[in-house]
Amino acid sequence: MRGRDTEQKEGTVIERKRRGGKGGEDEHQEQEKEKMSYRPGMRKERRAGEREQRIIKNQKEERGTRRSREKLKNEIRKSTREPESLSPEELEKLKEAVDERKKLIQGLRGKPWSMKKKLVTLRESQEFVEKYEGALGKGKGRKLYAYKVMMAKKWMKFQRDFENFKTACIPWEMKIKEIESHFGSSVASYFIFLRWMYGINMILFGLTFGLVMVPEALMGRPYGSIPRKTVPRAEEASAMDFAVLWDFGGYAQYSVLFYGYYNNQRAIGWLKFRMPLSYFLVGVGTVAYSYMVVIRTMARNANESGVGDDNSFNFSWKTFTSWDYLIGNPETADNKFASITTSFKEAILEEQESRKDDNIHLTRFLRVLANFLVLCCLAGSGYLIYFVVRRSQKFALDGLDTHTWWERNEVNMVMSLLGMFCPMLFDVISALENYHPRVALQWQLGRIFALFLGNLYTFIIALMDEINLKREEEKIVKFNITTWEASLYNSTVSENSTGPPITIQPADVPRGPCWETMVGQEFVRLIISDTMTTYITLLIGDFLRAVLVRFLNYCWCWDLEAGFPSYSEFDVSGNVLGLIFNQGMIWMGAFYAPCLPALNVLRLHVSMYLQCWAVMCCNVPQERVFKASGSNNFYMAMLLVILFLSTLPAIYTIVTIPPSFDCGPFSGKKRMFDVIQETLESDFPAWFSKVFSSASNPGLVLPFILLMVLAIYYLQSTSKSYKEANVELKKKLQTQNEENKKKNKRAALKAQMDLEEARKAASQTAEQQKNNNASLQDQEGETELCIKMKQDVFNHGMKRNIQCKQKTK
Amino acid sequence: MGTTASQLGKDLLSEYQVSAQNAHKRFTELLTKDEKDLPNTRVSMERVLTLPELKSNPFRKRICYVFSTSEQKDGSLTFEDFLDLLSAFSDSATLEIKSHYAFRIFDFDDDGTLDCGDLEKLVNCLTGETDETRLTTEEMRQLINNILEESDIDKDGTVNLSEFQHVISRSPDFVSSFKIVL
């Protein structure tokens, strides 16, 4: 000990100063004591052999690392002061020591030590690294090494600051935390999802706004210069009316907001911006970006939630992880207690009942009946929408002015109302089915999903009919235009003058129908009405109800707050589904109406504030609290399905239907994707287009697809085999532990028997000696002797006991 | 490159993303006027439990005991203990740290394992104070049997730290629910 102290004194002055003048030895002892005190049960008597074993092993490890560190330190101190004269082996050892310290610094975050201990260790390790890192570089490009080290440190610091800055920049963080503390993590997960959607829509908005709307507005031909950019003479009178603008007709229709405004000029402005190409690529890019983001988030969630061992630790998870430590509100805490109790009781009951199966036939019949009723509902709603859309087409042919407001907006209203009332109907029907609540929720979500999907697709089919109508109209209009132009020409020729050519106002030129703008308008109208319905139901269903319950309670016969209407709960799943479907509509319509992402950003922004306010003001915490994370990947999966299903119609229309001849950036082409072909041929060097055309050869594409399918099959089978290996290893672990326990018991028994024998032998010899000797003094001496002997034998036996247990473990 | 202790402390704290200023503000609110001038004061457990983040927590007393470094084991906390508490419950503490501290919090008798007595006290904490929310003895017994069946791998009747960590590492929402933010 003294030797170490003197060497300590030789050690760096800085180190000693930092430790407040104490010897390093004390510090280490203190650290070890702290470590010991944090290992629970160290002070109590040793109970189980395995715990001892673990403790001793850990101690040995720590002692070993500490010893090796000290050895290293001593060696380094022993070596001469001049770093240049360090031999290569010592340099190596020094490097190892420095690396070990660096690893310790990096892993410090994960160690469950107290802050004080961590600070001390950090300080110590950092000083060590600082002191000797420079030394390592000496003699071999020292300046470069030191420079590299400094840059690495600066980079790490910059990264850390950037991370902090990024966390500080996250919008609405405080709002969501407040909601989390009042309502728990499942309600907060909806708002986190909303914020994530907002982020995606911002990027989509950036793409469409920056690359499509702004170039056309700044560099394209201005309003009124060509026929497609002008309001036709017939509509001019009403173009500025609010009613028309609200319906996105009039001036709103003939603007950058919709497809029809864009000119098909190949390059516009002094930048030679390729407008049609940009339009097409932005359309494709929004879909590709959305796919990438959704799949990346799904993969990240799947990684975090571990392998799908959903039910293997049911009770343990309920006990250890069900409390939400973010809850700071006593009312929420009470609710949480109640829900935990209910969930315990349910789980216990369910486990008992899963062994019974009573009256399976009745349950099965009821479930089939319920599914049949649900199918009827879905079919009914689909037919209703189709009927309403055909009726609205009839109204459009008659002229919009002759009908009431309801008849004009029938389609949107019907769709929104269906979306509101059918889920309640499904809820009632599901009472027949008698499922476990979580399963019932999944069925409910599945049915609402099918409802929305059915409605959306019926809507699209009805739209397709209208598109076909418009295309028929196109042929007629083309014919009319040729006759009109002919009449104009004839009139000028018949005048037989050499006067100036007649200039026609763009507003007077007969226009061809534009089905793309019509589709875009329909989607925009649908989204607006959907938003309005959501906000109005929010205000009436939640706010008005809360106000009524609160104030009418004073003069009502029964307790409104506890009994019938009471305050509403926040419906997480319904709201998430609504959000997902809105996003699906955006994806569908964004190609035809570039203004949709902008509209959606505005809508989400307002939704966030409105719903945060409504939740805090009118809702009560839920009675049964659901795990948020289990549904996370479920919602992502639904989003992915919606993304796929909503880009399908858009892609179909792009690929099969020829664009209108009189509007949009692709007018005049046979198919919209011809713009790519054109760009490849004219803007890229010749070999590029050859490469592309050979790459799109079916002979190349089909084998590629086959290869991908094989890769998927291979990956799936390896993951299955990994799962099986997991199960096997678990079983092995269990049997191994059981065997070890048995061996342990046997060895302990044996050691105990040995101990008993030794004791017996000791007492026998003591008695013999007592008998042989008569004097008291000898007796005393002997009893002392035999006490000592007994002690020794006892200790020996105990040691052997421990050793046996160590060996067998 | 000599750095001062407080800067090092801030560096480490910033790694945990615990706002030291905020924590210090909340901690000094608990102190009386004359205590504010003394360095390293200890705040008694009753005063710590008045914090709204801890008040509704059924494990509040255990949390204070676990993070307290006082010799009398009375659950009193200094500012450093308070920071330890916050960093263990923060967003960026790793799963190992959280599971380690969770184990210590659930270990009511401080013997290094979770046995039947610990589990029973744990479940009683979770089901609330009133009699109507508590489980019956029969249900309790069955629940504890189920828990041990699932988590006790070596079948010794108790759940030790590694078994606990194994169970917790598979749970998808432990990390997100084991959080306290000021």
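Using N, Cα and C of the backbone, Cβ positions are placed for all residues, glycine too.
Under the heading compositional bias 'Basic and acidic residues', TrEMBL lists A:1-15 (among others).
Annotated compositional bias 'Basic and acidic residues' per TrEMBL: A:22-37 (among others), in sequence order.
Residues or ranges marked as compositional bias 'Basic and acidic residues' by TrEMBL: A:47-90 (among others).
What TrEMBL records for A:762-778 is compositional bias 'Polar residues'.
If you look up TrEMBL, you'll see A:514-629 marked as domain 'TMC'.
Residues annotated as region 'Disordered' in TrEMBL: A:1-90 (among others).
Summarising the annotation, TrEMBL assigns region 'Disordered' to A:758-780 (among others).
Beyond its flanks by at least six residues, the transmembrane segment (A:196-218) meets 256-257, 261-263, 268-269, 273, 275, 278-279, 282, 285-286, 289-290, 293, 297, 579, 583, 586, 590, 594-598, 600-601, 604-605, 608 of its own chain at Cβ-Cβ distances under 8 Å. TrEMBL lists A:196-218 (among others) with the feature transmembrane segment.
If you look up TrEMBL, you'll see A:239-262 (among others) marked as transmembrane segment.
As annotated by TrEMBL, transmembrane segment applies to A:277-295 (among others).
Away from its own ends, the transmembrane segment (A:365-389) comes close to residues 410-411, 414-415, 418, 422, 425-426, 429-430, 432-434, 447, 450-451, 454-455, 458-459, 461-463, 465 of its chain (Cβ-Cβ under 8 Å, at least six residues beyond either end). Per TrEMBL, transmembrane segment is recorded for A:365-389 (among others).
According to TrEMBL, the feature transmembrane segment maps to A:413-432 (among others). Only residues 6 or more beyond the boundaries of the transmembrane segment (A:413-432), in the same chain, are considered here, and those with a CB under 8 A from a CB of the stretch are 366-367, 369-370, 373-374, 377, 381, 384-385, 388, 406, 440, 443-444, 447-448, 451-452, 455, 459, 526, 529-530, 533, 537, 574, 578.
The transmembrane segment annotation in TrEMBL covers A:444-464 (among others).
Residues or ranges marked as transmembrane segment by TrEMBL: A:576-599 (among others).
Here TrEMBL flags A:634-655 (among others) as transmembrane segment.
Residues annotated as transmembrane segment in TrEMBL: A:695-715 (among others).
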Against which stretches of its own chain does the transmembrane segment (A:634-655) lie, if we need a Cβ under 8 Å and a gap of at least six residues from its ends?
193, 283, 287, 290-291, 294-295, 297-298, 301, 442, 445, 449, 453, 456, 460, 467, 519, 576-577, 580-581, 583-585, 587-588, 591, 671-673
PLDDT averaged over every residue in the domain 'TMC' (A:514-629)
84
Which residues of the chain, 6 or more past the ends of the transmembrane segment (A:277-295), have a CB below 8 A from one of its CBs?
200, 203-204, 207-208, 211-212, 215, 262, 587, 590-591, 594, 597, 636, 639-640, 643, 647, 650, 654, 665-666, 672-673, 675-676, 679
Across the domain 'TMC' (A:514-629), DSSP yields 83 helix, 2 strand, 31 coil
